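Structure first, commentary second.
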Amino acid sequence: MVQLVGSLRKELADSVSSCRLLVVGAGGIGCELLKNLVLTGFRNIEVIDLDTIDVSNLNRQFLFQKKHVGKSKAQVAKESVLRFCPKANITAYHDSIMNPDYNVEFFRNFTLVMNALDNRAARNHVNRMCLAADIPLIESGTAGYLGQVTVIKKGLTECYECQPKPTQKTFPGCTIRNTPSEPIHCIVWAKYLYNQLFGEEDADQEVSPDTADPEAAWDPAEVAARAGASNQDGDIKRVSTKEWARSTGYNPVKIFNKLFKDDIKYLLTMDKLWKKRKAPQPLDWTEVQKLACPLEEVSGAGLKDQQVLGVRGYSHLFSRSIETLRVQLAEKGEGGELTWDKDDPPAMDFVTSAANLRMHIFSMNMKSRFDVKSMAGNIIPAIATTNAVIAGLIVLEALKILSGDLEQCRTIFLNKQPNPRKKLLVPCALDPPNASCYVCASKPEVTVRLNVHKTQVLSLQDKILKEKLGMVAPDVQIEDGKGTILISSEEGETSANNNRSLSEFGIRNGSRLQVDDFLQDYTLLINVLHCEDLGKDVEFELVGDAPDKAPPQPSVPEGGKGIANGSEDSAQPSTSSKATPAEDDDVLIVDSDEEPSSSGADVARETGALKRKLQDAETGEGVAKRQRVEQAPAEDDDIIALD
């Protein structure tokens, strides 16, 4: 007769109580997960999270209360969970999992690792650490009503990086500064403007008209007289935006007229930009104040944040937000800076008003504060119930692993609508490792296409190795027979190389670089493919990892176009290679050869062997589905993810 401890077999219950777990993330999923773990019988848990509690977390992260705002999520989560089970042994770290202190040896202390993260860089890192330590990893994510759980085990399943993820979409600076055509362009511009006026100025976030726009191809000498209009009102000079604003005492009227009248007049002098586009219409503060009363302009019913004000209403909001932000900046003292935060009302007021005024100038429909916040803050609504369901599924997968039934583990999708068998939860068999994966293959290798004469060593380190390939502290050696060290993780050791081009070190077409990241216990061989012309605004490409290789993005309704997912509970893609273009429904259907259980096979038979899966929420992708063969890819929507 089977002996039970609660609802578990005694052998499994013993494994549950004695194993050591690492939970990475104590947010929406993490809170639910920690509660579930101790109630299931897990007693040895370590949790790590760098974040602190914000008031916006309280609607779904139920381990936190208003009195906890500003405190460490990991520490408060530990204290709250111990009230469920005082006997549990829980260690909390208020730290980043990417800290070198949490090395491979640290990961080897655990039986199982569970991810409840909100960004791709950290997910990539934990994936590599678990591969190096040979520890099973349960990956998870949610995006609104959608959710997913999958299991990653070295040598048995695909790792998190086995399939290319769609890269974040960006727009050329000239589009943001000169020719916005979608609301998201104006919102990006407004966030840049906030930093230019109140935050840390960044040359890559300039907001003034871009006279170097190659499309304009105008002759400044021919239009000097008209361009002079931009230097008249308010004694405006083309200097640093922040310097000029300070010289006016952050006068809202002068700032308004510079941004929405003078700069627009300046744009109009670039005649060629407007031959095939509708020209922008400048706004003058005095004329705007003659428009209808703001209360008469409001459109849309419901909550205040979902209403759309008129031009005059947004001009008043713009003025009030500048006054408030000016005071906040003064309180910081000389050299002080403000940091944009979607949960800071004055900052959100500024971006909402500035973006909408620019939308109006460029003949776009204005957006509510709610819509602007969704796009500017990389968020989609986070739903507590979704987090709870996904947290429960994580525990179920953990029990399979501890039972020694790894082959029974599944990738499980939570859908918004039931499938034809009236199921919201649909399992998929785990895919085997991708033999060409540049992370988990036996000999990881990748080919990078770049211009060796233009690419500098610092760009190789920061943009390719760290940003694109997810390394933390790379060391690079050229395979030139001499073992030349190009990049060292030891601070200052190779800093003299930073601003030199790769060709200066003899790197050319066909050169090979050996890259080691000792923190991740990861070695990668890079084949260099020299290319003179990579296209506009493209510095490098990973061969075989081009955007058209990644799962395309779904179309979205007009009201949500451009909304970039990326909430702290953001859903992550399956490791399967079969993710493809989206259709309008939210049904997940399983391939007939992937799910050996009767339920999975039945679903496949009923649905013509289609499969649907979540894409990466951090980069603005939603859900995708395709037939296994011969379905054409969908057009790529202009969805981007903001920092």
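Using N, Cα and C of the backbone, Cβ positions are placed for all residues, glycine too.
Nobody curates TrEMBL annotations by hand; they come from automatic prediction.
Per TrEMBL, active site, glycyl thioester intermediate is recorded for Cys174. As annotated by TrEMBL, Zn(2+) binding site applies to Cys159, Cys162, Cys437, Cys440. Annotation comment: TrEMBL describes 567-579 as compositional bias 'Polar residues'. Residues or ranges marked as compositional bias 'Basic and acidic residues' by TrEMBL: 603-616. Marked as SUMO1 cross-link by TrEMBL: Lys165, Lys237, Lys416. For Lys191, Lys258, Lys625, the entry in TrEMBL reads SUMO cross-link. The annotation domain 'SUMO-activating enzyme subunit 2 C-terminal' is assigned in TrEMBL to 545-638. Marked as region 'Disordered' by TrEMBL: 544-643.
Cβ neighbour count for Lys191 (SUMO cross-link): 26 (other Cβ atoms within 10 Å of its Cβ, all protein chains included). In this structure, Cys437 is the one among the binding-site residues Cys159, Cys162, Cys437 with the smallest number of other Cβ atoms inside 10 Å of its Cβ. When the recorded sites Lys191, Lys258, Lys416 are ranked by how far their Cα is from the Cα of Cys162 (Zn(2+) binding site), Lys416 comes first. If you take the Cα of Cys159 (Zn(2+) binding site) and the Cα of Lys165 (SUMO1 cross-link), they are about 12 angstrom apart, rounded to a whole number.
Lys416 (SUMO1 cross-link) counts 15 other C-beta atoms within 10 Å of its own C-beta, drawing on all protein chains shown. Looking only at the recorded positions Cys174, Cys440, the densest Cβ neighbourhood within 10 Å occurs at Cys440.
Counting every protein chain shown, the number of other Cβ atoms lying within 10 Å of the Cβ of Lys258 (SUMO cross-link) is 22. Taking the C-alpha atom of the residue listed as 'active site, glycyl thioester intermediate' as reference, the shortest distance to any of the recorded positions Lys165, Lys416, Cys437, Cys440 belongs to Lys165. Around the Cβ of Lys165 (SUMO1 cross-link), 21 further Cβ atoms fall within 10 Å across all displayed protein chains.
Lys165 (SUMO1 cross-link) is 16 Å away from Cys440 (Zn(2+) binding site) when you measure Cα to Cα.
If you take the CA of Lys416 (SUMO1 cross-link) and look 10 A around it, you hit none of the recorded positions from Lys165, Lys258, Cys437. Distance from the CA of Lys191 (SUMO cross-link) to the CA of Lys165 (SUMO1 cross-link) is 26 Å. Confidence over the domain 'SUMO-activating enzyme subunit 2 C-terminal' (545-638), given as mean pLDDT on the 0 to 100 scale, stands at 36.
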